[in-house]
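Before any comments, here is the structure.
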Amino acid sequence: MNRVIPGYPLSLGITLFYLCLIVLLPLGALVWQALDVGWERYVAIMSGARTASAFRVTLTTAALATLFNAVYGLALAWVLVRYEFPGRRFIDALVDVPFALPTAVAGLALSALFVKNGWFGAPLAALGISVAYTPLGIAAAMAFTSIPFVVRTVQPVLEDLATDVEEAAATLGASDWRIFARIIFPAIFPAFLTGASLAFARSLGEFGAIIFIAGNLPLKTEVVSLLTFIRIEEYDYPAAAAIASTLLGLAFVLLFLVNMIQLWQQRRIGTGD
Amino acid sequence: MSDHSSPQPAATTSSATTSSAPFGAVSHPPARRIRVGDGPRTRALLIGSVLFVTALVLVVPLLAIFAEALRHGWGAYLTSFAAPDTQYAMLLTLCVALIVVPINIGFGIASAWCIAKFRFRGRNLLVALVELPFSISPIIAGVAYLFVYGAQGLLGPFLEAHDIKIMFAVPGIVLASLFVTAPFVARELIPLMIAQGSEEEEAAVTLGAGGWRILRLVTLPNVRFALLYGAALCNARVMGEFGAVSVVSGNIRGQTNTLPLQIELLYQDNNAIAAFAVATVLTAVALVTLVVKAIIERLDAARVKAQGRPGH
């Protein structure tokens, strides 16, 4: 502990007070409400057809969105780190658009693009694919809002990757694909997994972007965050508490997973593996 | 080690400072450094497909917002802003941002000061707590606040007895926005202040400077760009927050409607032009934020090149 620099009690005090008031008090209240529901009622709420369907829809569309971002995010990070081309800085700056753009605006734009006579919707309709007001639309909204996660976690690791092993493998005659699969991908895998988990977590809780494009039909295109919102509007607080606390639990599990991945990554770097 | 403990991806101020490892470059002449994927065909294929997808998923949506807003020309676009409810929503959003951003700048500085300058038990837990709101759905945040300050909430009876209204009123919007954007400034400052170390502050102490003087004259000038970027991002997020605010605001037109909620209302009213017109304002805020970021990163990179140390 640094004894020279002043301000330790004050800064720690402010931080703890603020976190308790702004973060821990509301989350505590949510858990308290959820515990108040009781186990039997909780099971009844969660196994109800509408709730179960909302979780199924949310989990599958989030998985689909994360799959898209795993592939696109990895390719984008690779292109930004490995190649010099005109417009590279511009693309790099664009990656953060989904973080800076309000989710409601994103949802509005996506719904305008994907409706039947929209810029994307019209050509897709000719192919017999409809995105707006279907689960595909939900996945598209989730994919858009979580684009930066994989890119921004993989990018710094790819930048710091030592080139000696890669070059040694090349001089020994290994093919590009083999070097990527055996040397580069394992090195960036923890970061990649972290990014994908964060993207998945973000997709599970997404609300604003989805409701504009999803159609929001119960049992078909209703996501968990929207169902929570509807239960609140109906003053069904036990159901809202049960659903929200389950979503919160999922977020904590994913957060724990990300921390485990990062410990694993640090240990690997630490042993020079 | 705690440099890299942040699970959040957008800590680009620190990624801009890391240069690629020097291995190999010394022992090999540049001509032999052909790396994986440097073949002309792979390169063209990868760049081409990534640019194509990026244009579709990141550029076209931005263009669509402006195209839809201007569908019936500038006249219709500009009259969208004449509606009193829309003007009120703008004013309210601005006021909420003016309250929330300074508070979260203060929190960001305080938390970065104790986390970066001192070692104590539970420090890693504190870092995780500071970043926790990032991982929580805004809807959960809204519902959680309702369970504290709503009529049936923890403090509901007390608030009712004293006639204090927090939910479905402006204080609720401010509180929910504080929750959602709490980590933004802190996340930019913590890794940078850890990387910069404490030598300058220690020198200032030996010269007899007090804590506030050190903060004002030594620490803050050293992190001013990261602080500015964190504040800009915090501001963009406050102005655009939808999920948490829609739970706690009650959507009362002309009273508790912020800009994103106004967009939804206009859209439901089948007033698409106005909805997109309001959306262009928030899009402009987002784009300005990204331009600020790009400028800061460029300044930072130039400084690292000149001084060989992480960014001022």
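Note: Cβ is positioned from N, Cα and C throughout, glycine not excepted.
What TrEMBL says about a protein is an automatic prediction, not a curated fact.
Residues or ranges marked as compositional bias 'Low complexity' in TrEMBL: B:1-22. Annotated domain 'ABC transmembrane type-1' per TrEMBL: B:90-291, in sequence order. Among the features that TrEMBL reports, region 'Disordered' is placed at B:1-35. For B:44-67, B:87-113, B:125-148, B:168-186, B:226-252, B:272-296, the entry in TrEMBL reads transmembrane segment.
Note: the stretches the transmembrane segment (B:226-252) and the transmembrane segment (B:125-148) are in contact (3+ CB pairs below 8 A, sequence gap of 6 or more). Long-range Cβ contacts of the transmembrane segment (B:168-186) within its own chain (Cβ-Cβ under 8 Å, at least 6 residues beyond either end) map to 8, 92, 95-96, 99-101, 103-105, 107-109, 111-112, 130-134, 138, 141-142, 145, 149, 227, 230-231, 233-234, 237-238, 241, 244-245, 247-250, 252, 256, 258.
Here the transmembrane segment (B:125-148) has long-range neighbours at 2, 5-8, 111, 114-115, 154-155, 167, 172, 175-176, 179-183, 186-187, 190, 241-248, meaning same-chain residues at least 6 beyond its ends whose C-beta is under 8 angstroms from one of its own.
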